[in-house]
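I have placed the structure first, in the form of structure tokens, so that the comments after it can refer back to it.
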Amino acid sequence: MGTTSAAEATCESDADCRRLSFQAATVGIACDASTRRCICSNRTLVLTRRGTCLPIRMLGQPCRRNEQCLKIDKNSECDDGYCKCKDGYYLFNDINGTSCLPDVELQTMRPFGMDPKTDNSLSEENMVPIIVCLAIMFVGMCVALQLFSRKAASNLEEGVSAA
């Protein structure tokens with residue numbers, strides 16, 4: 001067994017990992033035979049330096065230790081009880097999900113009209129044209145429905161008078 005951290009320790013058996021755990025009753029800590037490293041047997045959990053298995057967390061979710069956030073994004077940390085981007089990294093959303101990108105990478109996106117720091121795709125100024133279009137569509141559907149109902153009523157009156 002090389003180091004004192006359970007997450008960095010080499011192991012030969014599950015018992016080696018349990019010995020490093022600060023909680024003797026840690027459930028699910030095991031030795032990965034291929035890497036000879038201590039891991040949590042449930043893949044939705046992450047092994048902390050203290051030897052406990054905690055749930056993996058995504059950006060914005062509550063956390064207790066940095067390791068919970070780092071499993072999803074290496075540029076994140078547990079700050080004030082939530083997974084957030086580290087200093088110098090900014091939250092970026094795209095079709096692939098949410099991630100923390102350095103300012104340098106975000107600079108390359110600005111020529112394409114994207115500014116993740118200030119671009120808020122659902123801001124008030126972007127919502128006004130959408131609301132106006134929806135209102136026009138609604139009025140158009142009401143007018144069309146009124147015309148169809150008048151035509152149906154006149155057809156019904158013609159059918160009754162012809163009989």
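Glycine too: its Cβ is placed from the backbone N, Cα and C atoms.
Just so you know, TrEMBL annotations never went through curation; they're auto-generated.
Listed in TrEMBL for this protein:
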{"type": "DOMAIN", "residues": "50-94", "note": "domain 'EB'"}
{"type": "TRANSMEM", "residues": "127-148", "note": "transmembrane segment"}
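As a summary of secondary structure, the domain 'EB' (50-94) carries 5 helix, 18 strand, 22 coil according to DSSP.
The predicted model assigns the domain 'EB' (50-94) a mean pLDDT of 92.
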